[in-house]
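The active site, proton donor/acceptor annotation in TrEMBL covers 148. What TrEMBL records for 175 is active site, schiff-base intermediate with substrate. Marked as 3-dehydroquinate binding site by TrEMBL: 50, 51, 52, 86, 217, 236, 240.
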Ligand SMILES: O=C1C[C@@](O)(C(=O)O)C[C@@H](O)[C@@H]1O
């Protein structure tokens, strides 16, 4: 198999692009819902679990967040946790924290040693991104710098620039998830994935959302996208497909290689 010599080791697990790492999102609004979701999710043995913190209704009560994290970690066992607070401007839920408080919470979570990856959006002020880069590095947590657009697919050059910016921040990986108008936009994402995969030193995660884009979730890894998000319990974005279906498709592709 020719592609992708990049590797990312998370909690002793190597993500190397020879198969996509499959990530299942957790979107519970409280501890009880999170635990219920987790039981379904863990049974499916994903490679990663993403806790979408923006769905958690008590995000402004640090003790409650910490408590939920301990429970999640306990149930997730060896499966690495990606922690994400998606902003409303990039398709997330409204949260009761301003950016300063959000960065403070992310810092506290990173310091617990209970999360393995953290997502932070590229549009944020550079002082925040740089701060999180420092904290993640000193706690051996991977920093994923991300960009989302639920309205459209920016041109190839713009996606390329985002990849370059993430690399300048010394992110461990760059991710973008964008909405296509048509299949040409899906091709833009696949092309950006392929080019960025060869051009950047850091790994890329690239998603074209919605029904048209869902092929990027199934085949994107062959173009260089290292992680794909699927449905374990409930979806967190349009176009995600059930983990079992994804595994079937990946298995078929691997057989033909
Ligand atoms: O950024 C991403 C990717 C995603 O938006 C998707 O399209 O699968 C799902 C989100 O939960 C995650 O944070």
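The backbone N, Cα and C atoms fix where each Cβ goes, and this holds for glycine too.
TrEMBL annotations: computationally assigned, not manually curated.
Close to ligand 1, meaning a Cβ under 6 Å from one of its atoms, are these of the binding-site residues 51, 217, 236: 236. Among the recorded positions 51, 52, 148, 236, 240, the ones whose Cα sits within 10 Å of the Cα of residue 175 (active site, schiff-base intermediate with substrate) are 148.
For residue 175 (active site, schiff-base intermediate with substrate), the number of other Cβ atoms no farther than 10 Å from its own Cβ, over all displayed protein chains, is 27. The local packing around residue 86 (3-dehydroquinate binding site), expressed as other Cβ atoms within 10 Å of its Cβ over all shown chains, amounts to 22. Within 10 Å of the C-beta of residue 217 (3-dehydroquinate binding site) we count 25 further C-beta atoms, all protein chains included. Taken residue by residue with DSSP, residue 217 (3-dehydroquinate binding site) is part of a helix. Annotated pair residue 51 (3-dehydroquinate binding site) and the residue listed as 'active site, proton donor/acceptor', C-alpha to C-alpha distance, rounded: 17 Å.
Residue 148 (active site, proton donor/acceptor) is surrounded by 23 other CB atoms, counting those within 10 A of its CB over all protein chains shown.
Take the CB of residue 50 (3-dehydroquinate binding site) and look out to 10 A: across all protein chains shown you find 25 other CB atoms.
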